[in-house]
Amino acid sequence: MSDLKLAENNFWGNVANSGPISIFSYCASSILMTVTNKFVVNLKDFNMNFVMLFVQSFVCTLLLVILKTLGYAKFRPFNKTDAKNWFPISVLLVIMIYTSSKALQFLAVPIYTIFKNLTIILIAYGEVIYFGGKVTSMELSSFILMVLSSVVATWGDKQAMQAKSLVESDVTVPVVPFNVGYLWMFANCISSAAFVLIMRKRIKLTNFKDFDTMFYNNVLALPILLLFSFCIEDWSSTNLSTSFTANSFTAMIISGMASVGISYCSGWCVRVTSSTTYSMVGALNKLPIALSGLIFFDAPKNFLSIFSIFLGFLAGIVYAVAKQKKNQNPEK
């Protein structure tokens, strides 16, 4: 990433220019953030998602300021004009990360990861509408696989819930309640697509770099998150002590640091490898994130659930290849 000061020699210079290390770091940061978020929202009686997101944004902002002070990151100082131009993006960011936390709270990590692919479809057709883009036949094939993987994942989830219902009750016909997590996931896909599409326009207006975007996203999100928390969430001492244990607070801090790590490692990976390698890593990374849900949490482990993970994985690879072919052969 051009905004970072990197070592040029000796051991750290070799690390900073290592493709395999950059790829591993990117994957590890992504998994760490997903797992820590799932850990927090799944804690018994935890109900303060806005505060959790506030802590993460605060940690991210603080870490960026420290990196800038040490000379390892560069971004613009805060000013009212940029803040005014960027504020709508931060509002969308808050909606996106809140709906994401709620979806992760109710859905298993593999299902959450698979359904996140649907955001790609919304963004692709959003670009067709707003930027005059084009969807190739190979991209369309990947979209079909994404939708299919989501349908199979839903069947697997329903099958797992039916089996659980039979074990926990004496009924012969299990009653499976609707999982509200799917509604949160749907809202997250829409808000994520809107965030990406509108941010693309705003970046052209403000000429922000990567760390400018991160800094303003998080700084402007802080008061919004706190306001919504005060209005909606229970700030009683009893609820605070229940929601904020040493383990949950530590996980929030780690998650905030991981968000900075993901952004840095994205640029690092592109710099020392190529955009082609990075896009493939992004596609392949879906698999370890989904598998982490099977390892660390009680996610459905039936045939349909496992099959949906590999369908989503295949969809990601097809999409990455389609994007690379599209970039190599731009329309004249």
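For all residues, glycine too, the Cβ spot is worked out from N, Cα and C.
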For the set Asn79, Asn239, say which residue Swiss-Prot annotates with N-linked glycosylation site. Asn239
Validate this pair against Swiss-Prot: Lys44 and Ser241, same side of the membrane or not. yes
Outside the transmembrane segment (50-70), six or more residues from its ends: residues with CB under 8 Å to it: 40-41, 94, 97-98, 101, 211, 214-215, 218-219, 221-222, 225-226, 228-229, 232-233, 243-244, 248-249, 252-253, 255-257, 259-260
Under 8 Å, at least 3 Cβ pairs, sequence separation 6 or more: does that hold for the transmembrane segment (15-35) versus the transmembrane segment (249-269)? yes
If you draw a 10 Å sphere around the Cβ of Asn239 (N-linked glycosylation site), how many other Cβ atoms fall inside it, taking every protein chain shown into account? 15
Looking only at the recorded stretches 85-107, 111-133, 213-233, 249-269, 302-322, which one has the largest tally of CB-CB distances under 8 Å to the transmembrane segment (140-156)? 302-322
Does the structure show the transmembrane segment (85-107) and the transmembrane segment (249-269) touching, where I'm treating 3 or more Cβ pairs under 8 angstroms (sequence separation 6 or more) as a contact? no
